[in-house]
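Q: My questions will all concern the structure given below.
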């Protein structure tokens with residue numbers, strides 16, 4: 001597979017549409033990282049000011065002194081060492097992920113559907129649940145909803161551990177928390193930070209252990225629709241309906257850079273260990289892989305409708321869902337899907353006017369061959385990726401009434417959590433009155449091993 005120039009953001013597509021090519025704006029704020037401090041990326045970067053014409057300058061030639069040459073070569077050597085170190089760290093991370101993948105494959109083998117009576121429902125949000133995360137130790141769940149609240153749950157007991165209430169519109173100056181629908185959340189891989197994003201263009205950073213508010217990040221010019229921490233770091237990637245991806249350093253309470261490329265609102269974002277993230281571009285019908293360090297991106301096409309959700313399975317493969325009812329399986333090395341399941345959740349409507357159920361959420365058990373998708377057809381569907389990720393085979397479905405707005409597998413692969421509501425997380429196109437706004441904890445059961453498998 002070769003990367004053509006048209007495959008990158010620095011392509012003719014943006015010039016045709018009057019967009020500036022591959023734009024990345026870097027800035028690191030040297031701020032005093034006090035708690036509750038507001039950091040903004042409102043930048044000269046997105047202004048439409050016309051730059052001044054460059055004044056012609058005369059070229060000045062000078063001879064390099066031995067000391068200057070020695071300094072230049074030393075800097076070059078240090079840069080090469082840094083690049084080699086980063087490459088080695090990335091390779092080690094990828095190898096450890098592959099080993100983890102082999103272990104996960106053992107864990108997920110022989111999955112069977114749970115009994116409906118074994119599914120637990122946690123009620124606590126007044127309005128539809130829009131997003132959730134599970135802590136790395138699988139002991140707690142954080143969920144958020146259109147009621148602007150955040151709830152921390154204990155997995156074992158199902159009890160609420162903490163609630164961060166939502167505030168009313170207009171109380172932003174005095175309310176600690178969100179005052180608009182929360183659309184996305186992410187947790188750092190060490191469990192230290194929780195990040196949440198809302199319709200008010202705000203990102204809030206919380207201390208996960210205590211639910212204490214730390215920082216507020218501003219700068220997006222549209223609702224914040226995707227958040228993900230780079231695994232093993234406190235670097236945070238955010239995506240927005242303003243079509244941009246931003247990079248933040250939470251430890252430093254700092255904005256780093258902004259990346260542009262999507263032609264429509266970004267609806268989802270994910271990342272793993274590499275210095276890159278993946279995004280779903282809604283109605284521009286593209287999936288993009290952003291190479292942060294290189295300030296470039298790869299563009300992928302496959303869905304016929306708005307791509308509403310995305311999740312990485314491992315560093316090389318990802319899964320997406322769209323409102324055309326399809327689920328696609330991708331390799332980051334091929335710009336077309338490896339496999340597409342159309343009408344993955346069936347259709348609804350009168351005869352002759354059937355429409356596919358929109359796919360509202362997808363999830364992947366990292367480094368395994370098991371993925372899941374959610375819609376509003378009263379079922380969560382589990383899938384198995386066939387050998388070499390060439391296809392998707394249905395495993396079983398789990399009854400869940402309502403819009404499945406968020407799905408997450410536990411790290412151990414022992415359970416799957418669904419965030420459910422009476423409405424779709426991004427709008428109010430339908431309302432399912434019989435559905436319950438809540439968290440569904442779905443145990444993942446396994447067939448007992450056969451005698452042959454035991455002997456092996």
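For all residues, glycine too, the Cβ spot is worked out from N, Cα and C.
Automatic, uncurated: that is what TrEMBL annotation is.
Residues or ranges marked as region 'Disordered' in TrEMBL: 1-67. Sequence annotations record features per position, and here TrEMBL assigns compositional bias 'Basic residues' to 13-28. According to TrEMBL, the repeat 'WD' annotation covers 122-163, 175-216, 217-258, 259-300, 300-340.
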Q: State the residues, same chain only, that lie 6 or more residues beyond the ends of the repeat 'WD' (122-163) and have a CB under 8 A from a CB inside it; answer 'none' if no residue qualifies.
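A: Distant contacts of the repeat 'WD' (122-163): 177-187, 189-191, 194, 196, 198, 206, 208, 211, 402-403, 405-406, 408-412, 414-415, 417, 419-425, 436-441.
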Q: Calculate the per-residue pLDDT averaged over the repeat 'WD' (259-300) and state the result as an integer.
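A: That region's mean pLDDT is 94.
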Q: Six or more residues beyond either end and a Cβ under 8 Å away: which residues meet both conditions relative to the repeat 'WD' (300-340)?
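A: Counting only partners 6 or more residues beyond its ends, the repeat 'WD' (300-340) has Cβ contacts under 8 Å with 1, 7, 94, 97, 101, 267-274, 278-283, 285-289, 346-347, 355-364, 366-368, 371, 373, 375, 383, 385-386, 389-392, 426.
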